[in-house]
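Per Swiss-Prot, the features are:
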- Asp98: active site, proton donor/acceptor (ACT_SITE)
- Lys159: active site, schiff-base intermediate with acetaldehyde (ACT_SITE)
- Lys189: active site, proton donor/acceptor (ACT_SITE)
Amino acid sequence: MVKMNVETREELASLIDHTNVRADATENDIERLCREAVSYGFRCAVVTPTNVRLAAELLEGTDVTVCSVVGFPAGVSTPRVKALEASEAVENGAGEVDMVMNIGAMKSGNRELVYRDISGVVDAAGVPVKVILETAYLTDKEKVEACLISKEAGAAFVKTSTAYGGLAGATVEDVMLMRKTVGDEMGVKASGGIRDLETALAMIDAGADRIGTSTGVQIIEGWR
């Protein structure tokens, strides 16, 4: 099983996707997000599709990757729409994509639609795709199946949550289950409710190799 050995704050920062996907995020908010991402050495700046171009311009020439959410937050767009959204995000400068899978299809046992939903984005994007399972909605059996479909469809990561609308975010138990299911061949991103250093390190110890959070600065500043 993948287990990250984080010994410095710089190593921790390199695992963090610094995130602002708020509906009311202003250009000033995105500028601040990108400044912080560069200053602290975060892995990605995660934004909504409308802010990808701005973030890409701000981060040009840096080591920070722009990541766009797709099908966010509910995952209810059709596969064709998600694929188009992903393609446009990459054209505008995204180097990674975090997509919300079709949760209703997963709950209905419609494996074919879930696969088509994910593989369409993977093919259209041509960059690493992280599949948001929204674990709060799923049984353990469904979490395992969603991980296996994501792996089969060519995704680079499985991700716990959007944490949107008050839903529960990442748990250590879910991260452990996801890591056990995908093995060493995929990444596992923990996201949702990770607001302090202790929680971030617990997720990494459970098997996460990426952390999604809007409080990356506070997490890193907590390192002493």
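Note that Cβ sites are derived from N, Cα and C of the backbone, with glycine treated the same way.
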Who sits close to Lys159 (active site, schiff-base intermediate with acetaldehyde): which same-chain residues at least 6 apart have their Cβ under 8 Å from its Cβ? Asp98, Lys130, Val131, Ile132, Leu133, Val188, Lys189, Ala190, Ser191, Arg210, Gly212
Once DSSP output is merged into helix, strand and coil, Lys189 (active site, proton donor/acceptor) belongs to strand
In terms of DSSP three-state secondary structure, what is the assignment for Asp98 (active site, proton donor/acceptor)? strand
Using a 10 Å cut-off, grab the number of neighbouring Cβ atoms around the Cβ of Asp98 (active site, proton donor/acceptor), all chains included. 28
